[in-house]
């Protein structure tokens, strides 16, 4: 043990031995031991006798400043037989921080601290303690294992007085309580350091790195959550409803002045939450008590549940409609409780969802929303996708680098022209598995192609008039076709046989849609008295919606919840498909010609005859974006979602072109020429091959578009046959057939 005394101040000590024998005192080194010169070999240093190292209490040097040493540590400190002149405490501080340090020498002066050689004990190797002394560091100087602290870190720590700084052991930095290092800047590349650190702590816990999260919290001095939030969280997750309510009430009324309906005498709590400005006490209490009520119902404690309903929920006078729904659950069988209450999963999961709902009213500065870093990273990725005009892959972008897709990866070239139709082609649609393509048109025929070779699998010719629409069943085994002959037919895709004919409509059948189970379907018509009907596969009517308007198009959301109908009288009707009741009717500015629904069932895409496409939120009815540029006025044009993640809006046009917009930023990505003349009526993007889509036009053609590198070798010939004229696109007589692919 080496001890330095700093005048009247405290002492600084250094351990010099690796393993000190127990219950024995080790001889102390002199105040300033002489280190061997690095340029001097050990054999050239004179040895000292063992007597030189024998210490005696009678030779102990008095304390500087007249203070008598009474500590056990001081009693073990023995000066060397060779005394050296003491230096000032300031000199000690400057020289002991590094073994190679030498005080500056003024010009013309000699070194006042010579370093004479020292000899080891007789017959022994030089002491390892002397060699390690150069690496020892006093308290307040940071180190890491095997390396010294960075200059900036040392600069921030050396000014801390002994006894007041942080302590370091084996490279680990420990803080006392929430003490933070003053030298760390308050921002991290422009971001608030505390916010970044707390989000990292939360993420480490979510990733399962609990020890790392604890270390980061201790080293930074930041807590993930305040004690009040931690207490409130545990109270909710463990079902301690009285404690959770008390914390809420005292957060709204810290002076204890608030009186809340349904609350008896509650124990006081010092825990208070920081709430957002829009937080409402009755709303938060309603959520808590609703959870309590539902758990009692699940436990079949009907008496306690009724007490909660009458004396805790009802006095709040919040959401009377929901209150009536809860009261009806008292008579609900246990097996139907979860479905009727919209309360799925075990109690632990429902409590977690309750906490998420309550956290919306608590300030994020004290209760960070769950999975915050993951949400921020999702937004970073989504922003990169939104800024990438040609993003057409299902793989998410990497976080390691900025993302940008190549235009060459986008389907911009015509690979094939399918010329099996003898008149205008009004409709095309890929199957859900992407293996087949159906086309229909004015020539009364429906053609099913293999989407790999584009060989004709079936040509269905039973209709007696033009076919305007076709719809694949969810499993792609059946197909409904809708015709101007006022009939709808259901086909077996494998055999090509008609298995059901619907002939109840008195006007053309304009569209059809399958229910999610694939066993029932809906047909839409221009018939005022039978505009929409729900059918079974036996041809039986399940439900008939009241008449009064004509339907141009219809769609069932992929989740099976809603039926959407486009009314020719400038309206959109949305129905609950399970109850068959209308949820709302949305007025439009012009006649809708088609409606398509996104795969997530959140948005519908409506084509308007005025030449505008609207992206509408199905839940809120808000128009999210409008897309313009295509020509439309007289004909039915069916736009659709496109791309691997439905990042694009694609539409035909009366000017024989195809228009592609980016869904998020409304940028017109491409305008594609290809069809010879007339209107491009329908577009369908292959759901399993993002590098392929089909277009159907009045030029009797169905075009298959792919990436240029995937285009068929004969595709260039098709391009050369398309020539521009002042009036549009001239049609040639020689069109390449697909007979070679049959």
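The backbone N, Cα and C atoms fix where each Cβ goes, glycine too.
Database features (TrEMBL):
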COMPBIAS  35-44  compositional bias 'Pro residues'
COMPBIAS  170-181  compositional bias 'Polar residues'
DOMAIN    232-304  domain 'CTLH'
REPEAT    418-459  repeat 'WD'
REPEAT    460-501  repeat 'WD'
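Nonlocal intrachain contacts for the repeat 'WD' (460-501), taken as residues 6+ away from its ends with a CB within less than 8 angstroms of a stretch CB, comprise 423, 426-427, 429, 431-433, 435-436, 438, 440-448, 507-514, 516-518, 521, 523-525, 537-539, 553, 636. Model confidence over the domain 'CTLH' (232-304) stands at 84, taken as the mean pLDDT rounded to a whole number. For the repeat 'WD' (418-459), DSSP puts the residue distribution at 0 helix, 22 strand, 20 coil. In the repeat 'WD' (460-501), helix, strand and coil residues by DSSP number 0 helix, 22 strand, 20 coil.
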